[in-house]
Every structure is written in C-alpha cells, then in structure tokens.
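Please read the structure below before turning to the comments.
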Amino acid sequence: MGLKVSSSLLCLTILLAVSSIVSAVNITRVLEKYPEFSTMTELLAKTELTPIINKRQTITVLALNNDAIGSISGRPEEEVKNILMNHVVLDYFDELKLKALKEKSTLLTTLYQSTGLGQQQNGFLNCTKSNGKIYFGSGVKGAPQTAEYITTVFRNPYNLSVVQISMPIVAPGLGSPVKVPPPPPMSSPPAPSPKKGAATPAPAPADEGDYADAPPGLAPETAPASAPSESDSPAPAPDKSGKKKMAAADEAEPPSSASNTGLSFGAVLVLGFVASFVGF
C-alpha cells in the first residue's frame, strides 16, 4: 500500500515539474525566431529585463519591430528600460481576447507599475477600440492613443502572448514622446483601359452653313462642274410620247384615190337626181 502511494506521489511530482517547464515563459526563445524583433531582444537583455519577464507566469509583451523601436533605441539606458517595462502587460491578451473586450477603453497594468515608481497612472496603459481598430496608449489622462495593434505574433494561453504594435508608447514623465509616423502616400487609381470592340464614330459631314461661317481660306474649295460639250453629249433617246404622236399623224393622213373616186360617183348621182326632178 505504501509503495503505491509513494509511486503516485512521484508521478505527480514529475508531472508538475514537466508542466512547469512547458509553461515557463522564455521571451528570448520566442523572439529569436523572428528576425524583425532582434533589436527589441537585444534591448531587453541589455536593460536586464529578460530574467524579470521570464519569472512571470502570465504576461503579454507589446513587441516593436526593428524599424519602430529605432526611435527609442538611442536614448539613455535607464529611459529605455522604463519605456520597455511599459510594454509588458501583467495579463494575457491575444487577438481574440482584445476583440472580445466589451468596454470601449480598458485599463491595463504594466511591469513599470509593479516597481512602485508609477505616477499619475503612467504605469498603466489604455486599450481603446475605435472604428474597428485597437489602439494602445498611456493611462495618463489626455495621453495620445496612437500605437495600433497589428497582429498576434505568438500565443501560449494563458502564459505568454507577444502582440505587435505600430509604435513605441512613451508615457508622460518617462521621456519625450515619439512622433506619429505619417500615413503612407495614396496611390492614384489606374486609368481605365479602353473597351475592346468600341468603334470610333466617323466624323459627321459638315453642313453648308459651317463652310459659310468659316473664315476665308479655310472653307474647302469645290471645282465647278464643266458643262458637257455637244460632241460629248449622247443623242437623246426617243420619247414614247413622240411615238404616239407619229402614230396619230399617220392615221390623220388624207384619203387615198379610191376614196376620192367614191365621192365623185356619189356627187354625179346626186346631180342626176336633181336634174330629173327639175324636168318633171
């Protein structure tokens, strides 16, 4: 019986040890996989913040890529350390949890606040949701909220999350603020390509009035048509009406000699009849 209990305790101890190793935070091991965060990894080691972060069980690091962190990397070491501590949130947040925040503005506690040096809430951050985007800024009243959430780089619920933001957050009293980078220039839209198969309309013929209104020398000169010569002109074709007139003329010709003889004989008969009547 005692052997079974001791075996169970041994297994439980090993399980707890393994789970603690698996869940242990190692910010250096995470960031070294991403070359774009190499400068931040170096600054965390230089300011001796790496072992402090690794001792935490639940943490969110607001990471800055090499270009973004360049605006503070040349400042005094103590100032850089205080600024970086304000980029370590003592809670777990990834994209899902950030977007699920119901409040428009949420106050987050940072590693700088845990040092007891915070004044006027400069050890807190504001997480603000606006127009579908998420912004971070100092918790000091009136401080700008200009560090935009970009993406979740690494997540190990609910121990470590690395969230990339667009620019450093410098709280009042921790150093001079960082200027907001200008937005990228807007590219002009490309010109629409001409539609295929669209026929170009032919120019409309000009009216005579257009030529009349045109200044001298611009109106087109048209050569007058030369009258055809008599030799070149073809003979007129016979008209059908002329044929009818010729036929009518043929019908109206004087009577022939036979018809004249008939008339003379009739006249003699008439005269004979008249003479006989007078004789009686």
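Yeah, the Cβs are placed from backbone N, Cα and C, and that goes for glycine too.
Listed features, source Swiss-Prot:
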{"type": "COMPBIAS", "residues": "180-193", "note": "compositional bias 'Pro residues'"}
{"type": "COMPBIAS", "residues": "219-234", "note": "compositional bias 'Low complexity'"}
{"type": "DOMAIN", "residues": "25-169", "note": "domain 'FAS1'"}
{"type": "CARBOHYD", "residues": "N26", "note": "N-linked glycosylation site"}
{"type": "CARBOHYD", "residues": "N126", "note": "N-linked glycosylation site"}
{"type": "CARBOHYD", "residues": "N159", "note": "N-linked glycosylation site"}
{"type": "LIPID", "residues": "S256", "note": "GPI-anchor amidated serine"}
{"type": "REGION", "residues": "180-262", "note": "region 'Disordered'"}
{"type": "SIGNAL", "residues": "1-24", "note": "signal peptide"}
- Under a three-state DSSP reduction, the secondary structure at N126 (N-linked glycosylation site) is strand
- Task: Give me the mean pLDDT over the domain 'FAS1' (25-169), rounded to a whole number.
- Result: 96
- Between the C-alpha atoms of N26 (N-linked glycosylation site) and N159 (N-linked glycosylation site), the distance in angstrom, to the nearest integer, is 10
- Query: Cα-Cα separation of N126 (N-linked glycosylation site) and N159 (N-linked glycosylation site), in Å?
  - Reply: 21
- Top of the glycosylation sites N26, N126, N159 by count of other CB atoms within 10 A is N126
